[in-house]
Each structure stands twice: as C-alpha cells, then as structure tokens.
Amino acid sequence: MNRSGTADLRAATAVEVTKDRNGVDQVVLRNRRGSSARVSLHGGQVLSWRTDQGEELLFTSSKAIFKPPNPVRGGIPICFPQFGNCGSLEQHGFARKKIWVIDQNPPPFLQHNDSNDKVYTDLLLEPSEEDLKIWPHSFEFRLRVCLTVEGNLTMISRIRNINCKPFSFSIAFHTYFSISDISEVRVEGLETLDYLDNLFQRERFTEQGDALTFESEVDRVYLSSSDVIAVFDHEQKRTFTIRKEGLPDVVVWNPWEKKSKSMVDFGDEEYKQMLCVDGAAIEKQITLKPGEEWTGRLELSVVHSG
Ligand code: TA6
C-alpha cells in the first residue's frame, strides 16, 4: 500500500509482512483484482507472481533450497554487482545472498509515477563490513517492487555510489518464467542481435533472423536489445512481455538435460517447465562516480490469448 493511498484503495490492496520458515521477512503484495507477488528480504528476491486467478507465473524448482545464504532456485534472483563468474566475486555477485531491509525512507520516484494506484514495497541493500572486504565500494541499492492494477510486476532499482571513488558493476534480474513446455516456446525481440555464448567461452555470435526456439542447452547474453522482449508459450496460450529501461542486455538460459542433472537444487526434468529471460546490463559495465545514481526498470506483464 502506498503510504499516501486513499481509503477505498486501503480496503482492496494489501502489503503484508510475514516470516518464512527461516524467520526471514517476506513482503506479500496484493492488488485489488487479486493478483499477488511475494518478495523475500533474502536477496530481495521475488519468489512468486500470480495472476488474479491465482495462477503462478514464475518457476521455482521442487528441489529449491530455502536456506540462506543460498539463493532460491526460481523466482527472480538479482545478480549484483557481478554477472556470471568472470570477475573477482563469486558467481552472480553477493546481493542475492544478503538479507535486505525494508527501506524506511525511500526518496521520491520522479518518473513513471511508480506509486499511484500501485501496491509496492521498498527494499534496501547496503554493504556489510564483510562485503566491503571483497568489494570495497559503499553503495545504496534501493529496490521498489510494484504490482500494478493490471497485475504487472515492476522492479525499479536505484543504485547510488556513496563512496569516495567511482565503481563499476553489472546487474541482471535472473527471471525464471514458468512455461508449459520448452519445445513449445519462442522468444521474440532478439533477432539478428549479437550475443556472447557462455557455452563457447563467451565467444560472440550473431542471432538468425527468426524468433528463438529451444532444442538444446542455451546460455547466452544478447547485446543491446530493444527494450521490449516477448516470450510466447503456445501451449498455455500466454505471452510474457518484458519491458526494460537502463538494461540493454538480455540473458537467455535453459540448462537442458545434462546441466539439469548436475544441479542439486533442480529436478532432472524441470528444464522443460522453465526459461530464464533476464533484463541485464552486462557487456558494458555501469560506472558511477561518487554521488551518482543509476536507475534500471523492469516491467513484466502477461496476456492470455484464446
Ligand atoms: O544466466 C545464466 C547463468 O549464468 C548460467 O551459466 C547458469 O549458471 C545460471 O546462470 C545459473 O547460475 P546459478 O549460479 O544460479 O546456478
């Protein structure tokens, strides 16, 4: 509930803070049509996004480990300040393993009126002494997670450099979409783009002219994409649309059979029911001078056809 919400809104929408089995706070957002989202303070990770019919739109593995600090295999883990393992930090950085706090004094949002008529929560991550030892940069990572009246899920990130020297980072919203059957899915918006293939030591290739379909392991970073990407799930007759700002790249990942078997927190056959399509900034790291702030915005929506 936005702090300035009017009376009738108060009745219909809700922001509820609960605790998970490990005593970690989770924020549950419900809009007046019945859509919902659940965000854990463990990693600032969205764990659930449901339609007003209660249909879960995000994949979570049946073998997911719900025990901090391990990130949960599913939902939307946040990779920050590093994506992947080609840096000095552990794979995908440390933000997804940290316990975030509820931001008591979020500075106003100047764009997109990302508050009116929306139900949202504000989270904050600041580095611990431990983090500063491995990544010696003071920052404030503010994350607003919103649920719109239509049931769209929006994540707005604001990262401020409160350091005395510049720093650079990469970021990805590692979104596990729940799909009916991977062989029945196609992704549009990546045609003819260059991509770095993690299956070939990040070698650079160029995508063909057609929509992307899946028949084997895919682990790619598409570069400088348009700000609208669509994931078509024919069998479920539903289309996810990803709208992004400040996030030029798109990660596409499906582990397929062999890699699935190598992951302890992932079922052998579960690759058929998930696809990761992430809004990201990877190829060109974002550099912030002292006092500077970067904003990235990701909006997920879903439509059902027929
Ligand atoms: O996004 C692709 C990727 O970097 C893959 O290489 C794969 O490792 C995936 O992320 C999951 O990473 P995780 O550290 O969560 O197991």
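The backbone N, Cα and C atoms fix where each Cβ goes, and this holds for glycine too.
TrEMBL has this to say about the protein:
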BINDING   R73, Q91, R96  substrate binding site
DSSP on R96 (substrate binding site), three-state: which is it? helix
Greatest inter-residue Cα distance in Å for the substrate-binding set R73, Q91, R96: 14
Set of same-chain residues at least 6 away whose C-beta sits under 8 angstroms from Q91 (substrate binding site): G84, N85
By the DSSP assignment reduced to helix, strand and coil, which category contains Q91 (substrate binding site)? coil
From the binding-site residues listed here (R73, Q91, R96), select those whose CB sits under 6 A from an atom of ligand 1. Q91
Neighbour count, 10 Å Cβ-Cβ cut-off, for R73 (substrate binding site): what number do you get? 22
Where does R73 (substrate binding site) sit in the DSSP three-state scheme? coil
